[in-house]
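Notes for the one structure printed next.
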């Protein structure tokens, strides 16, 4: 059954839950004045993840230099300078939360000479100094294709190197006009071929793509050395953002999961609420395909 935009279908109604872990996570993040993509991007899984004591840390502030039409993060051509104490603050938060796996991401900072790569390096090193047994996933921007900036981060050998293609190439002009599909694929290939990293990428669906286009993009990811993939429903953050073209059914997400698994991905998460870092810790522990609960 096809669901066009309008009232959200039942499977997209979030079951809110919170408790001691949720409150503790919020207090800790507020105390250290830390940013998370959970809040900045209005992630639908915030309640669940914080209740499990997990969060995805957002580096380089909360203002992005790109104008992607799907994203709720603030935008400006000249954001405030990064906080030099941010790496230390994040490392302390990882220690306080007793995390075994941490996910780092950042806004895109085209205003900085290296796109913020040195801050990435400083944060990874600060975390490992204070938390030597923590595994790290880095969800990085494209650094405008700057290979030196990419290499700075990749040379730190995070356990997972994540970079999202976000959508199919035919929608790039409409969805993320300042990005380049081929650049994203080359980044993933570089992480695999030059640095031997475990690689991951993600897509949103429901923005006007076809199932055939999704299948082709999954094939492109595999051809460029991508090991893991996440597929989730695009949800419009506000009336100013790109509207949802269609709500993808749970059955369709299962079909995407089955196709991606059969195509050769090591890990697959596919479901309405799946986001790039959703249950990221599970991917460091399991060898089978991971499916998101609906």
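Every residue, even glycine, has its Cβ placed from backbone N, Cα and C.
Database features (Swiss-Prot):
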- 38, 43, 49, 277: [4Fe-4S] cluster 1 binding site (BINDING)
- 64, 68, 71: [4Fe-4S] cluster 2 binding site (BINDING)
- 50-266: domain 'Radical SAM core' (DOMAIN)
Checklist entry - Using a Cβ-Cβ cut-off under 8 angstroms and a sequence gap of six or more, which residues of the chain neighbour residue 68 ([4Fe-4S] cluster 2 binding site)? => result 166, 175, 176, 178, 179
Item to check | DSSP-derived structure type at residue 64 ([4Fe-4S] cluster 2 binding site), helix or strand or else coil | outcome: strand
Checklist outcome for this item: Averaging pLDDT over all residues of the domain 'Radical SAM core' (50-266) gives 93
Item to check | Long-range Cβ environment of residue 64 ([4Fe-4S] cluster 2 binding site), under 8 Å and at least 6 residues apart | outcome: 71, 73, 74, 75, 76, 79, 107, 108, 109
Item to check | residue 71 ([4Fe-4S] cluster 2 binding site) - helix vs strand vs coil (DSSP) | outcome: coil
Checklist entry - Beyond 64, 68, 71, what residues of that chain have CB atoms within 8 A of the centre of the [4Fe-4S] cluster 2 site's CB atoms? => result 66, 67, 70, 72, 73, 75, 107, 108, 176
